[in-house]
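Per Swiss-Prot, Cu cation binding site is recorded for HIS37, HIS39, HIS54, HIS111, and the stated evidence type is similarity to another entry. Annotation comment: Swiss-Prot describes 49-73 as region 'Disordered'. According to Swiss-Prot, the Zn(2+) binding site annotation covers HIS54, HIS62, HIS71, ASP74. The compositional bias 'Basic and acidic residues' annotation in Swiss-Prot covers 58-73.
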Amino acid sequence: INGDAKGIVFFEQETSEAPVKVTGEVLGLAKGLHGFHVHEFGDNTNGCMSSGPHYNPRNKEHGAPTDENRHLGDLGNIQAAGDSPTAVSITDSKITLFGADSIIGRTVVVHADA
C-alpha cells in the first residue's frame with residue numbers, strides 16, 4: 001500500500017474479559033482483500049518496516065482470527081471495494097486493551113493483497 005491508505009479505527013472493550021470491538025474505515029485501498037493486523041511496536045516512522053512483526057507475545061503460529069493457535073495481532077482481512085471507504089467491523093476475543101498483553105500503543109497495519 002506504500003502508506004497511501006489512511007483512516008480511523010476505534011478499539012472498544014468493556015471489561016478485561018469482554019471481546020474487543022474494532023470499528024472504523026480506511027481510505028485509499030485498492031479493490032480486494034487486505035490483511036488487517038496489530039504489529040508489535042508502536043513505531044510507524046518508517047511505515048510498516050518499523051512496526052515490527054505481528055503482535056505475538058505467546059509465540060503462536062500465524063493463523064485466521066477464529067484459530068485457537070494464532071498471533072494475537074492476526075485480525076483477518078478487510079474487503080475493499082476500491083472506490084469508497086472500506087468499513088472495518090471486527091469483534092475479537094483474543095486481543096485485549098487490558099494487562100500485559102494489551103495492544104495499546106502498538107501499530108495497526110493494513111497489508112496489500114491478502
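The first residue you see is number 1, and the count goes up from there.
Glycine is no exception: its Cβ is also placed from the backbone N, Cα and C atoms.
Everything Swiss-Prot records as a feature, shown here on the structure.
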| residue | record | DSSP (3 states) |
| --- | --- | --- |
| HIS37 | Cu cation binding site | strand |
| HIS54 | Cu cation binding site | strand |
| HIS62 | Zn(2+) binding site | coil |
| HIS71 | Zn(2+) binding site | coil |
| HIS111 | Cu cation binding site | strand |
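Among the listed binding-site residues, namely HIS37, HIS39, HIS54, the Cβ with the most fellow Cβ atoms inside 10 Å is that of HIS37. Of the chain residues outside the Zn(2+) site list HIS54, HIS62, HIS71, ASP74, HIS37, TYR55, ASN56, LYS60, GLU61, GLY63, ARG70, LEU72, GLY73 have their Cβ within 8 Å of the site's Cβ mean position. Here the C-alpha separation of HIS71 (Zn(2+) binding site) and HIS39 (Cu cation binding site) works out to 10 Å. HIS62 (Zn(2+) binding site) is surrounded by 14 other CB atoms, counting those within 10 A of its CB over all protein chains shown. Cα separation, HIS39 (Cu cation binding site) to ASP74 (Zn(2+) binding site), rounded: 9 Å. In the shown protein chains, 23 other C-beta atoms lie within 10 A of the C-beta of HIS71 (Zn(2+) binding site). Note on ASP74 (Zn(2+) binding site): other Cβ atoms within 10 Å of its Cβ, all shown chains, come to 24. In this structure, the CA atom of HIS62 (Zn(2+) binding site) is 9 Å away from the CA atom of HIS54 (Cu cation binding site).
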